[in-house]
């Protein structure tokens, strides 16, 4: 019975030779043989009770060793080669029963490289009458010879007459390893354009079978156009006048067939590029049904393949406002204004005055007009479903009427001191614009210092000087009437004013203080002169000189000066001309 030992190439392997003895042998010999390719045996090892040796000049001389043990011998082969896949014999002589022999088949394995798959780059047409080559799969350096299996979407492909054909090429390399190449011939259909094709290599290893799968590839499948699709690529949503519209058309053929565009009611071809039609700054005239056609000559039965698109270009005409431009009203009247714009969609209107919303809807009602009603009214017309569409218009309202003073009070009472200046204001509205005139009685000094005018308003300010009671009248007139404003100004004399009286009292007090201070200064000054005179510091003319060198004086030389004593009364009450004033006058002065 033959044993089998399996090993990978380039590894080491042990081949046992088992035997037993019933009694101690007198002589035993063990020999190892290998069968050559030609069938003859060649000894590679010899051993007996006295020696053990490896035969020289064989392919195993430097790669084997033999180890004896109680059960027999073991042959070890280093660096196993493919050529080592053969039978090895163990022959034992000297057994009780005679000679014995054992056989072992050594099998060598080498896993192949992972499979490499390549698809046909040019593509395959569904119009081919027979299977065409679509892919090739190759695996290299395997032993024993590996096998290749094809898969479509992970489902095995088996040869089928007229549909699938697999061509396999096996090459034995100089190393003894196998290279296997498999070509898949396949009749493709349109459905194969999205399929994944792959190949799988199966190969033997010690005590097992293993597989290795390639990556998946897509096959370029050529097929004619059977349908086309047209759609609006931009803009998104509704289209309005002024937009740039892009229309795309694409067929399902591979390779894509040329596409042409035209309008439904016209055979004129429109300019397009690779299935894209661009319409710049469209108007309502561009609204139409657009067609796209495929020019695929390989189409089945050459039937025309076409698709259509309805393009609607929405519009909004300029707003029409009634009344136009401007409208004149009388105070108290009513007016109905309208604002409309022709559009392909529903519109909405909003009215504004001075930027403030004053109404909604196409109709605006103005009731019981006043001067505040006058002004410009703007209407904005929009399309709610298409925000880009909008237009506007305006109407100017003029309200005619008699002048109307700004202040409610028509007669004003004022007081002002004599000599003061006043500013009197008069502001009037009306249409036509009123004219303002001033009528002033009681003052000759006045002038107009401010004069501002607008379309319907006048503002005048006069400045006047108060010299007496004044009546100032502001008269405003236009074609519709007159309006008057009166200022009654009562003058206040300067002396009667509390301020004047207070000033008079304050001035009297100041005068009394000045007089008292002056009298005290005169009294002090007189006392100083008298003291100096008594000390002789002041000469009294030539007759007053004295000889300071005389040692003594006689009675004749003594000068006695006698002066009348001046009383305080005489000093204070002496008149201007040196005469004494009567007693009553003196009392009056003291009282003051």
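Yeah, the Cβs are placed from backbone N, Cα and C, and that goes for glycine too.
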Worksheet item: In TrEMBL, which of the ranges 486-509, 510-533, 534-557 has the transmembrane segment annotation?
Response: 510-533
Worksheet item: What stretch in 1-106, 114-218, 403-490 has the biggest tally of Cβ pairs under 8 Å against the domain 'Ig-like' (318-396)?
Response: 403-490
Worksheet item: What is the three-state DSSP composition of the domain 'Ig-like' (114-218), stated as helix, strand and coil residue counts?
Response: 5 helix, 64 strand, 36 coil
Fill in: the domain 'Ig-like' (1-106) - residue tally per DSSP class, helix then strand then coil
3 helix, 61 strand, 42 coil
